[in-house]
Amino acid sequence: MTILHDKQVQALKLFEKLSVAATGEPVPADQIDERLRNITTLGPNEFFSCFYPDHLEQAKRVYEVFCHAANFDDFVSLAKQARSFMNSTLFAFSAEVALLHREDCRGVIVPPVQEVFADRFIPADSLIKAFTLATTTQPGDESDIIVDVKDTGNILDPEYKLAYFREDIGVNAHHWHWHVVYPSTYDPAFFGKVKDRKGELFYYMHQQMCARYDCERLSNGLNRMIPFHNFNEPLGGYAAHLTHVASGRHYAQRPDGLAMHDVREVDVQDMERWTERIMEAIDLRRVISPTGEYIPLDEEHGADILGALIESSYESKNRGYYGSLHNWGHVMMAYIHDPDGRFRETPGVMTDTATSLRDPIFYRYHRFIDNVFQEYKKTLPVYSKDNLDFPQVTITDVKVKAKIPNVVHTFIREDELELSHCLHFAKPGSVRARYHHLDHESFSYIISAQNNSNADKQATVRIFLAPTYDELGNDISLDEQRRLYIEMDKFYHTLRPGKNTIVRSSTDSSVTLSSVHTFKELLRGEDLVEGQTEFCSCGWPQHLLVPKGNEKGMQFDLFVMLTDASVDRVQSGDGTPLCADALSYCGVLDQKYPDKRAMGYPFDRKITADTHEEFLTGNMNISHVTVRFQD
């Protein structure tokens, strides 16, 4: 066993069966390491939230202790002690942050959260059935147990048409891991490193989630979502049917018609006041610091400053004045049924980064947040032809190579999730949940380009996809459509003088995870190579790269743009980039975001052109692609 493999195995043991009583003897209080002794944390049965300030501060103290450990063995020793008495979710979050940011953990892969906390992904009735089957097997029976995941809703709720997307295991795992890679309490002073454009990435990743959700809504014959816009409006209901096994209690449901109320720490008026102050800062194009200084919201840094302000994170320029609009919104919605805690009810799924994407209100609230960012984008000048053009480079044709040219087929695929690393079934053998998810056929982009110069040109290839028609079958105006464009890929390519053909597989997307490593694979040491690119588990699931489309075939506009890579490139750090798997949504760990352009360029700003033809420059091209769902 290599040193790296040994580290991997030790790390995995920290996450085994966290949802039940910790394995091994608890550490006596007087023997707990003094570095952990004075940290006050949540009780073991409470619901940890990456949005609740007190919980975040507790986790910050824990992961900073882990990161300060003298060496890997010291870290593991501290972590073993911590897991014996700490809240399991708080511990897992803190341990993952440490694994990703400790130098001596380079190459160690964080385990899939869907196996660590399977109870956040698999409905309670399926887990109960698994327990029932496991406890009624004959002694010595080591055969596998497989339970089917049942539906969590029905056709009485129109929103249930989107359950395949909102409740997708890969999507929710991505959201958990993104907030591990980019914790809002990340302190650059402690780590000695600034996470480049972290605030802007917060804006862009969530904007893309909203765009993808609206694409799925149109695929299913639903209207695009109505953004949340009123803190006093009654909200639609949602029931996740998930159980928080560590406490033995359900994530609370939200009945139809409840409105947000004051919680103990924050009033609804605070939320309205923070929104007004942020909007005023956008109108004035500057934010005010605690000392009264003005910080401009310029073209280069404005989105990053706003992202930190709205989330809010440690990089917020003035949290006392601008508050924490995003995080407290999650908390208020999670406790909408018991805002002051008088009934001691558990929160809803909006409290947890591993579950919040299941709730339809997540997308409506984030569209509201995105609308705030769009107000800032309106203050920026419209991209001129000079901002968009790539002199002497033209795209002559764009095609999609699939079984049928320019037609991508989607379908439902069956998959399984191992439960035995989360729960103790008191039997040997595997216990798995069988579920279904959307998937698509593999395809390739074929891009024909012309380099009219006499020298090689380095190009950045940018690929986006958006629906052509709205819910009524009308053409979507370009300025509306720009907010529906989902990024499909972004990569560098060398253009030789003359004609060029660029071929790119959908499986190489800069948006998606290349693969998901299971506990079993990691324990065997698969894909562990010293010095290789580290795997952060952050990235959009490959199976949801393409929207569902419909049975008739739904038309999308495939937009391809070539830009000058010599202008786009940033100066990278030394060595192999870390966590560079899904760089569009997740960036590159410990290095600058690998694109100088604004995230979402060229669709991040208002477009005054009425048609694609009016907007396009020679280095762009539009192709019509059909996405057809096969049931």
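Don't overthink the numbers, they just go from 1 along the chain as shown.
Keep in mind that glycine also has a Cβ here, set from the backbone N, Cα and C atoms.
The Cu cation 1 binding site annotation in Swiss-Prot covers H175, H179, H206 and is backed by a curator's inference. Within 10 Å of the C-beta of H206 (Cu cation 1 binding site) we count 24 further C-beta atoms, all protein chains included.
Just so you know, the Cβ of H330 (Cu cation 2 binding site) picks up 27 other Cβ atoms within 10 Å once every protein chain is counted. Feature annotation from Swiss-Prot assigns Cu cation 2 binding site to H326, H330, H366; the stated evidence is a curator's inference.
Marked as disulfide bond by Swiss-Prot: C538-C586. Counting Cβ atoms from all protein chains shown, C586 (disulfide bond) has 26 others lying within 10 Å of its own Cβ.
Annotation for N38 (N-linked glycosylation site): no same-chain Cβ neighbours under 8 Å separated by at least 6 residues are found. The N-linked glycosylation site annotation in Swiss-Prot covers N38 (among others) and is backed by sequence analysis.
Around N87 (N-linked glycosylation site), the same-chain residues six or more apart in sequence whose CB sits under 8 Å from its CB are T41, L42, G43, P44, E46, F48, A246, listed in sequence order. The feature N-linked glycosylation site is assigned by Swiss-Prot to N87 (among others), with sequence analysis given as support.
Non-local contacts of N451 (N-linked glycosylation site) by the CB criterion (under 8 A, 6+ apart in sequence, same chain) comprise Q392, V393, K457, L495, R496, P497, G498, N500. Summarising the annotation, Swiss-Prot assigns N-linked glycosylation site to N451 (among others).
Secondary structure at N621 (N-linked glycosylation site), taken from DSSP and collapsed to helix, strand or coil, is strand. Among the features that Swiss-Prot reports, N-linked glycosylation site is placed at N621 (among others).
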Inter-residue C-alpha distance, H366 (Cu cation 2 binding site) and C538 (disulfide bond) (nearest angstrom): 19
Additional residues around Cu cation 2, ordered along the sequence, whose Cβ is within 8 Å of the centroid of H326, H330, H366: F51, H206, L325, N327, G329, F362, Y365, I369
Mapped DSSP class for H366 (Cu cation 2 binding site), helix or strand or coil: helix
Packing count at H366 (Cu cation 2 binding site) (other Cβ atoms within 10 Å of its Cβ): 25
Cβ-based neighbourhood (8 Å from the centroid) of the Cu cation 1 site, residues H175, H179, H206 excluded: H174, W176, W178, F202, M205, M209, T353, S356, L357
Chain-internal residues near H175 (Cu cation 1 binding site), provided their CB is under 8 angstroms and they sit 6+ positions away: T353, A354, S356, L357
Largest tally of Cβ atoms lying within 10 Å of a Cβ, found at which of the binding-site residues H179, H326: H326
Among C538, N621, the one of these recorded positions whose Cβ has the fewest neighbouring Cβ atoms within 10 Å: N621
DSSP three-state assignment (helix, strand or coil) for N87 (N-linked glycosylation site): coil
